[in-house]
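*Asks:* Pasting a structure here, questions to come.
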Amino acid sequence: MDMEESSDDSDSESDEKENYQADLANITCEIAIKQKLIDELENSQRRLHTLKQQYEQKLMMLQCKIRDTQLERDRVLQNMNSMESGTDDKARKIKVEYEKKLSIMNKELQKLQSAQKEHARLLKNQSQYEKQLKKLQVDVAEMKRTKVRLMKQMKEQQEKNRMNESRRNREIACLKKDQRKQEHQLKLLEAQKRQQELILRRKTEEVTALRRQVRPTSGKVVRKVNLPEPAQDSLLRPPSGRTYSSSSSATNSMWSYRRTTGVYSTRGARNKWQTLERRISDVIMQRMTISNMEADMNRLLKQREELTKRKEKVIRKRDRLLRDGVEPEKAVLPLNEEVDTLTANIDYINDSIADCQANIMQLEEAKEEGDTVDVSALIGSCSLAESRFLLDHFMSMAISKGLQAAQRESQVKVMEGRLKQTEITSATQNQLLFHMLKEKAEFNPELDALLGNALQENGDDSSSDESAQSPSAEGATLATDLMKICGETKTKNKARRRTTTQMELLYANSDSARDAAADFSGPVLPLAETPDGGGDMDFSSVRDYAALSPGFSSKAGSMGVINPVPSTKSSRSAALQCVHMAEGHSKAVLCVDCTDDLLFTGSKDRTCKVWNLVTGQEIMSLAGHPNNVVSVRYSSSLVFTVSTSYIKVWDIRDSAKCIRILTSSGQVNVGDICGPNTSRTVTIPAGENQINQIALNSYGTVLYAAAGNSVRVWDLRRFASTGKLTGHQGPVMCLTVDRSGNQDLVITGSKDHYIKLFDVSEGSLGNVSPAHNFEPPHYDGIESLVVYKDMFFSGSRDNGIKIWDLDRKDLLQQVPNAHRDWVCALGIVPGSPALISGCRGGVLKLWHTDTLGPLGELKGHESPINSITANSSHLFTASDDRTVKIWRARGVLDSTFEADNADEASSN
């Protein structure tokens, strides 16, 4: 009934909402029509007024002209009369001419007078128009008031619907809770029924066995009874020295003995043993059930404690927001709903704990009754021979169970030893890793921060295990992990010379380390330290060594690899040389980010892969995105990936765990709410917008996310939204962040063709308006931005590239048709004053950063280039061809390389 009433309420609310919307649409339409009529009437009034002025002006001019003509006629006639030499014919001729002019003017005067009469008539009608105009204006004002009232009613109705929806959700939660209770009770009743049936069946079996024992047996049956062993038959046989005269006396003595001692039957003893064995199994199962229930109760108690702490935390947060004066609709109402949900969950857990306690008590009572009744009755009915039979079986069962327990105990001890050995090995490896990372941390701030956090978290463990010795059997795995994480192997100027590896120095006496080291043809070189002899790195040795390590064997078939690209004569002389290619994505690669040791790629296959640039192997794959991964950024061991309207925050120190999810509307969710979806989600939730790109400030404390027509600002120290950057009329497609003093300079490019600059001070809250709008705009949407020193570059869909001055905030230079297609990505060549651009046609071009003069071009990919990034030594380009290519700038750009070659040539 409640569900039917709620459905009827929802239907009536939807009908009422549709009626409101229909009325609002009708009023809006009538307002538009009447506003159009008002505009037409006002235009006609203006036209009439203009015509009136024109007619009056023409009339005055014509009257003046007539008057002047008459005066001129009179003057001419007077002059002719005064002249003696004038003739009548000439005067008559002049008179006729002037009369003709006067007649023409009089006709025009009559036309103007008739037009003036018509105008007067129109003016009379104008009063009617004015009345109609006033009436229409009053109607429009009334309709606008009605529209405002309807809008207010719609808002109230929406609020009411939202409250009803929350009430229905609470009712549904209560109904689900009741349903779970009923299901739980039903399961308990079913378990009790099964228990009763089992007890009844066993009682029936025991009664049947007892009846068989009491039933009389004939002599024929007695003779067929299997007697026990000779040692036990002495109880039934007479002394060996006595003789009997006839068989009847022996039979009588046998019956008299059996009447005093009871009949021994193997079948009866076996049935009693089976009954006892089943009873023992039942007791064991009951105790296991009680133990499991106690474990469940402990788990429920822990859950209740966690939910109580979480509830207290949410209540404190709500009280703090109320003290700060935050609007209740935005923040407090969701917290109230969360408190209600947590309260309902705590109540459900309390009910479950009470049920669990009741079940434990019930099982304890049943166990006591069964132990006192069944076992005592069965033992009391046993004869001496049956007792010996049962004792034999008890002995064999005890030996068997003891053997099993001893085997299990030995296995547990072996596993404990292995665990202790693994802990010692892990502690030793951690100490070695920290020791090797200390040197690199001096030159790498990100590594320094990561090391500081790890030391803070694991300081106690590492100090306690400091005295543990490193086992030699794990040398190869440790060396692999060290090369994975640290890349400590140093490069020399000559790649052919073989140097001692770290694992040989660390484990000089380890056979496994020597065997593994024998597979290396040379030292493993990171991309940042590729020798000048062509820039190729031999990853085959790394893969050969990885094949020996159990950590790599399980993943080598499914994980991506960075493969070297063989150089050709033409590529060696080119301005850009592709030295490696990362392959592993199943669809187009849309975004890329990197450090000197790590590479991050996002793809249409809904994953973000993390690559080790030292070993050339894929480290992990961050999955579970609802759609394409369109942007990725890395800072201080946190990876930020963007898919639809969500920003996932991954902690790659904690086995690639998603710790937060940020939404385009400013909401924060703890954990991974998206989950491991197997299907692609194209739709975006209501109230959210597609996030196109994200950017971090130089300290990694503020995240900027371009969503819709604005950019949302996130404080990563608190994982809280602090405001928005507004001002664009179209979706923001790209952005970049620079630093000036104590504030961030955020540069945004939009589909509205404009580039805007925002000054974001530290700790600023609310909406921020643009500080500058760069003119002139592009002819199409902006696709990419990159900052270089005190200027920045912009690439657009209009195929052009522009240079802008950040200080003067004006245009320095532009190349209208830099590419034949959209300019999709821009980047700065490391160590050179050169700009690299990539287009939708897969072409890469190099430009001088000061003049935008072309330096060279080549076909980088066969598919569109989506993203470009760089570290201290290499460029990375992501494309629709599912690969990421790694480039090195050479030729005219590599001045250091040329100088080194010149010095070497002169010395030779």
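Just so it is clear, glycine is given a Cβ too, placed from its N, Cα and C backbone atoms.
Summarising the annotation, TrEMBL assigns coiled coil to 24-213, 290-324. Residues or ranges marked as region 'Disordered' by TrEMBL: 228-251, 455-475. The domain 'KIF21A/B second helical' annotation in TrEMBL covers 265-422. Marked as repeat 'WD' by TrEMBL: 582-621, 622-653, 725-768, 775-814, 858-887.
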*Asks:* Provide the three-state DSSP residue tally for the repeat 'WD' (775-814): helix first, then strand, then coil.
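*Replies:* Looking at the repeat 'WD' (775-814) with DSSP, the answer is 0 helix, 23 strand, 17 coil.
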*Asks:* Report the DSSP secondary-structure composition of the repeat 'WD' (858-887) as helix, strand and coil residue counts.
*Replies:* 0 helix, 18 strand, 12 coil
*Asks:* Within the same chain, where does the repeat 'WD' (775-814) have neighbours whose Cβ lies under 8 angstroms from its own Cβ atoms, ignoring anything closer than 6 residues to its ends? I mean 6 or more beyond.
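*Replies:* Same-chain residues near the repeat 'WD' (775-814) but 6 or more away: 730, 733-736, 738, 745, 747-755, 757, 820-828, 835, 837, 839, 847, 849, 851-852, 868.
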*Asks:* In the repeat 'WD' (725-768), how many residues does DSSP call helix, how many strand, and how many coil?
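*Replies:* DSSP classes over the repeat 'WD' (725-768) add up to 0 helix, 28 strand, 16 coil.
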*Asks:* DSSP-wise, what's the residue breakdown of the repeat 'WD' (622-653) into helix, strand and coil?
*Replies:* 0 helix, 18 strand, 14 coil
*Asks:* Can you break down the repeat 'WD' (582-621) into helix, strand and coil residue counts using DSSP?
*Replies:* 0 helix, 24 strand, 16 coil
